[in-house]
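The following features are taken from TrEMBL:
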ACT_SITE  A:S110  active site, phosphoserine intermediate
BINDING   A:G36, A:L37, A:S38, A:G39, A:S40, A:G41, A:K42, A:S43  ATP binding site
DOMAIN    A:28-179  domain 'APS kinase'
2 protein chains.
Amino acid sequence: MTEQKATNVTWHEGEVTRADRNRLLGQKGATIWFTGLSGSGKSTVAVALEKVLQSQGRLAYRLDGDNVRLGINKNLGFSAEDRAENIRRIGEVAKLFVDAGVIVLSSFVSPYRADRDLVRKLHDDAGIDFIEVYVDVPLAEAEKRDPKGLYKKARAGEIKNFTGISDPYEAPERAELVLPSHQMSLQEEVEALLKLLGARGILPAA
Amino acid sequence: MTEQKATNVTWHEGEVTRADRNRLLGQKGATIWFTGLSGSGKSTVAVALEKVLQSQGRLAYRLDGDNVRLGINKNLGFSAEDRAENIRRIGEVAKLFVDAGVIVLSSFVSPYRADRDLVRKLHDDAGIDFIEVYVDVPLAEAEKRDPKGLYKKARAGEIKNFTGISDPYEAPERAELVLPSHQMSLQEEVEALLKLLGARGILPAA
């Protein structure tokens, strides 16, 4: 075990930093936090942005109910306390991804301002970008779309504490971007996001 | 808001997949799970491997006590239940990183076989690589090193339930790699890891 083998290993001083990883990826990791009513179009625009970023050679990753509620947060329910812990953990996971250099696309209703502000503070304290994107459609519009049939169930009393119906949605007061998805094409939404990411230095200048 | 702007946006069918991200990064995401006594050298080899991967243009990210215990798991203590939940959450976070295409270098004592096997199962069920690396040094060696002075405190009874002293360490029975760090140079350890990652297709053929 003590034989010295030929090697192409390069040794560096110091540990690998966030800046090193950003340089490797040619981007600056950041959290793009989509918030809005169920049915507002958060996931739709996140999916569209992810595709464009991938096609441009950028590494993005979506955090959403599918990969979070079934995994890291599978032991959480929908009480106010569990909702807060749900968002807190997502915020911490997002922060780790940004530290790794990834552009995180997070889409959760995240209805409470205090929870979102806590995630913003986590990022601010670490000196990393948190970009709150409010996907802003009127309740009537979201309810008309009702892609998962959830509003119907909430109106029928089959779902308790449903945001917009029996639970409040606290709109952002200082979102970095507002996307009224009922008045914009998906392409316009993505263009607005790319412009913002460029202006913030998250994407290199075109 | 309805004006059609010129755009360089490329639209793709379908959602971006793990395979797409692996292709973008030129590697296959995987979790390298270092387990062993406190002072065995888990973090030392993880840091060294991370540097070499970065120098080769690979995206790796270390999960350890510094960025996990203070963040996502800050509300967990050291009871048996909390230890299990600690490892479970780390496993879920690692799985998300691998889904994003990242090579995760996880270094935690993780003394219980059942906890590690649960993380392995999480990965197996998702069809992603979990590579258990047992950093195997005799207790006497780890205690002699005692880099954080923890063994001394444990012997003095100032730390309860300390792995190796007053709490068991359950050695892996089917680790993909065993590194007796007291009998190998750091460079030899890294070479052994690189060889394994190459053989598993996690790194492209040299």
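Any Cβ shown, glycine's included, is placed from N, Cα and C.
TrEMBL: automatically predicted annotations, no manual curation.
Between the CA atoms of A:S38 (ATP binding site) and A:S110 (active site, phosphoserine intermediate) there is a gap of 10 Å, rounded to the nearest whole number. A separation of roughly 11 Å, to the nearest angstrom, links the Cα atoms of A:K42 (ATP binding site) and A:S110 (active site, phosphoserine intermediate).
In sequence order, A:K42, A:V109, A:Y134, A:V135, A:D136, A:V137, A:Y169 constitute the residues six or more apart from A:G36 (ATP binding site) in its chain with CB-CB distances below 8 Å. Cα of A:G39 (ATP binding site) to Cα of the residue listed as 'active site, phosphoserine intermediate': a distance of 13 Å. A gap of 9 Å separates the Cα atoms of A:S110 (active site, phosphoserine intermediate) and A:L37 (ATP binding site). For A:S40 (ATP binding site), the same-chain residues lying six or more positions away in sequence with a CB closer than 8 A to its CB are A:V135, A:D136, A:V137, A:A142, A:S181. Taken as a whole, the domain 'APS kinase' (A:28-179) shows an average pLDDT of 94 in this prediction. Scoring each of the recorded positions (A:S38, A:S43, A:S110) by how many neighbouring Cβ atoms lie within 10 Å, the top position goes to A:S110.
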